[in-house]
Amino acid sequence: MPELPEVETVVRTLRGLVMGKTIERVSVHLARIVRQPDDVEAFKSLLVGQTIQDIQRRAKFIQFFLNEDVLVSHLRMEGRYGVYQADDPVEKHTHVVFHFTDGTELRYRDVRQFGTMDLFPKGKETTIGPLAKLGVEPLDKSFTPEVLGKLLKGRSTKIKPLLLNQECIVGLGNIYVDESLFKAGIHPEKPAGKLTDKEVIRLHESIVSTLQEAVEQGGSSIKSYVNGQGEMGMFQQSLLVYGRKDEACTKCGAEIIRFVVGGRGTHICPDCQKNQ
């Protein structure tokens, strides 16, 4: 699933490709992608004539700000956007197409068919939709070691599942939680409330630096992820533990292991991340 760096990269590329374009019509080939409104014809009708004024990321969601509404899109496992000319061949698994007045198209393709789209009147998207209960943005200036410490204080939950909880901190998924915990030297099963002040500071620093580096490198293309221009990310080449089971730790040389925490495959260095 695309995480914060991948979604941020998609947003940045799409801004340069479709901002300012006006929707002439919309084609929906898989109705269940559209959740709000529950009438697909209403969804299509509401979008006609609206111009994309801005595109922003909130957590792992893409927000298309239009004249009257906000389209909130989640890529889920393998959703992707691409911009094409109207006469370009349409790839299999293309489920939604936004046809622009200039003859170009924004196409949404999703092999797994798990992605979602919700259309809300401006101002309502943060109160009644999937954005309503999201936690703090880890790349926002408001995310400080003190804020992280308050989120963890008194929690008996293991640190990894808590970091994956989007109501606490948004945008983190399996890849970047494993990487952040490794850099901070913290075992993923340690109770969140048991982290020392120094560990909280290290964890904060590792979360921010890991995400910033990943954004700079266009995200991680582990499976099918590409940005809005069809380009792969490069951060997978910089991963220190994720996906490196049985390889040597870059810090100490110990063998990286994989096990399950909270139902999620987890990679650690058993020497650098002792459970104590």
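Using N, Cα and C of the backbone, Cβ positions are placed for all residues, glycine too.
The active site, schiff-base intermediate with DNA feature in Swiss-Prot is assigned to P2; the stated evidence is sequence analysis. DSSP classifies P2 (active site, schiff-base intermediate with DNA) as coil under the three-state reduction.
Under the heading active site, proton donor, Swiss-Prot lists E3 (among others), citing sequence analysis as support. Other Cβ atoms within 10 Å of the Cβ of E3 (active site, proton donor), summed over all protein chains shown, number 22.
Around K60 (active site, proton donor), a 10 Å sphere centred on its CB holds 22 further CB atoms from the protein chains shown. Swiss-Prot lists K60 (among others) with the feature active site, proton donor, giving sequence analysis as the kind of evidence.
In this structure, R155 (DNA binding site) belongs to neither helix nor strand by DSSP; it is coil. Per Swiss-Prot, DNA binding site is recorded for H93, R112, R155, and the stated evidence type is sequence analysis.
For the zinc finger (240-274), the model's pLDDT averages out at 97. Look at Swiss-Prot and you will find 240-274 tagged as zinc finger, backed by sequence analysis.
The active site, proton donor annotation in Swiss-Prot covers R264 (among others). Reduced to three states, the DSSP call for R264 (active site, proton donor) is strand.
Summarising the DNA site geometry, the residues cited as binding it (H93, R112, R155) extend over a maximum Cα to Cα distance of 42 Å. Sequence-distant neighbours of R264 (active site, proton donor) (same chain, six or more apart, CB under 8 Å from its CB) are K160, P161, L164, N174, listed in sequence order. Assigned with DSSP, the residues of the zinc finger (240-274) fall into helix, strand and coil as follows: 0 helix, 12 strand, 23 coil.
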